[in-house]
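**Q** Would you mind keeping the following structure in view while I ask a few things?
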């Protein structure tokens, strides 16, 4: 009888180095169903699943929703005195990407890496080349922590204003009746700085969202602006079976209710044939008017919502959690108290790196799942344009061949100009496959600021949280090894460093002359024998202690086992 590999793998002693002579290849789900891992997370440890609404549960259609926000913001600017010609602009989704930085001093849109090094610089619709960029940024570098000058446009809601800022700068720079200045533009005796223009745009965007007709127009045509996924009720019902589910949104109750009612508007329940359920029944806790990121700090007063009128009831809510009740305000501490959970019990799912992911992780220790809708297109380019990536690898090989037989004694200088030009051309072509600003995550070989934030703050990320449907709730999301250049470019072959390496490379922590070491330890022990300290030398651990990849906490597991045994007794 042949034992299946799934049975054999249950026993660690039977783990093979290869499978019947064939190298083991890790099974991976289809790319569009995948959840990607930055830090290992054991799903069976998660007791509560938290959701944001906008751009998470409710995904707004692109470019329709961005176009609506763009048009309404332009109309607002015109109503406060900006030129009527701006109404001719039409939102172009090919130009903006998230994670850009607006320089309020020079009016430039910047794409930067994690350290503030410039990757792309655009003034209006004009992309600046190296010499032009260095005129304003001599070191091609910005101080990212100068938040008074540099504003990061990180959210999906920022996309319309990102494009609008480019439109305004381009319009005022190239319109004959305005005179361009280094930090703004003039119209006769009137001067408008890029900083004040930026503030006008920010104020207009806020007005459109909070006082204008954006929400009203969205609700008038939900089918046009909001994605509806029939798998949503199924996933939430399965989450209900293994833990608690809660909703935390900055939106008010009336808007939330209409959006969520639409998302769950199916003739059946979680499965075809099952009875329809109201959206509130899928959540153990519902919080509106959350005011994130303040919600993850001191928060606001917790109040109860009258779901008939949408108004708030008088007084602070101090009672226990009641199923079906909708709350307003509160804080992340409130969530933990009402659900009886602690930080690492909670997996919070959202789209906003700062408002959802960074604050929930840094202040509460919640596990985090970042929704990145652009990932679908990024993966499409990564797979569909593989020939460009392969050509870059080939060019790198050609470059290495030119230097293959040269060392510090060589006077020969290989002509690498043609290879460099080709690398630049292929890299540019690759960037343009993503859009005018290139990939959300990289520019050539350099990762963007946005990519670094994803890796730093999101434990898991995917194009949609619906991808969790394709994993069991016992799944261990295990992070891959993040290789440094000396690991990713050096093959696993034995090299005797004593023969090959320079004598200057003397830091060896393993090849020790143990006889000499033991003698020195013996001498040291004799000289301080009267002191008798408990440990003279460290001992290598004999049990597994250096393990940080499995989302394990052995002490907690032992405590849980002890508690279960006590309950049985």
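Backbone N, Cα and C atoms are what each Cβ position is placed from, and that goes for glycine too.
What Swiss-Prot records for this protein is below:
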type     : residues                                  : note
BINDING  : 52, 54, 202, 206, 215, 249, 250, 251, 292 : IMP binding site
BINDING  : 144, 154, 453, 456                        : ATP binding site
COMPBIAS : 550-569                                   : compositional bias 'Acidic residues'
REGION   : 527-569                                   : region 'Disordered'
REGION   : 548-569                                   : region 'Required for tetramer assembly'
**Q** Could you state the whole-number distance in Å separating the C-alpha atoms of residue 215 (IMP binding site) and residue 154 (ATP binding site)?
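**A** Residue 215 (IMP binding site) and residue 154 (ATP binding site) have their Cα atoms 21 Å apart.
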**Q** I'd like to confirm something. Which of the binding-site residues, 144, 154, 453, 456, has a Cα closest to the Cα of residue 52 (IMP binding site)?
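**A** Of the binding-site residues 144, 154, 453, 456, 154 has its Cα closest to that of residue 52 (IMP binding site).
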**Q** Which of the binding-site residues 202, 250, 292 has its Cα closest in space to the Cα of residue 453 (ATP binding site)?
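**A** Going through 202, 250, 292 one by one, the Cα closest to that of residue 453 (ATP binding site) is 292.
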**Q** Taking the Cβ of residue 154 (ATP binding site) as centre, how many other Cβ atoms lie within 10 Å?
**A** 19
**Q** Out of 144, 154, 456, point to the one nearest residue 250 (IMP binding site) in space (Cα versus Cα); all of them are binding-site residues in the record.
**A** 154
**Q** Using a 10 Å radius around each Cβ and counting other Cβ atoms from all shown chains, which of the binding-site residues 292, 456 yields the largest count?
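**A** The residue with the densest Cβ neighbourhood is 292.
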**Q** Cβ-Cβ under 8 Å from residue 144 (ATP binding site), same chain, 6 or more residues apart: which ones?
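**A** Residues satisfying the criterion: 101, 112, 115, 116, 150, 449.
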**Q** May I have the list of same-chain residues other than 144, 154, 453, 456 whose Cβ is within 8 Å of the Cβ centroid of the recorded ATP site, in sequence order?
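**A** Apart from the listed residues, the neighbours are 99, 114, 152, 353, 354, 358, 449, 450, 452, 457.
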**Q** Using a 10 Å radius around each Cβ and all protein chains in view, which of these binding-site residues has the most neighbours: 52, 202, 215, 250, 453?
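**A** Answer by Cβ density within 10 Å: 52.
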**Q** Tell me the coarse DSSP state (helix, strand, coil) of residue 453 (ATP binding site).
**A** helix
**Q** The record names 144, 154, 453, 456 as the residues that bind ATP; what is their largest Cα to Cα distance in Å?
**A** 17
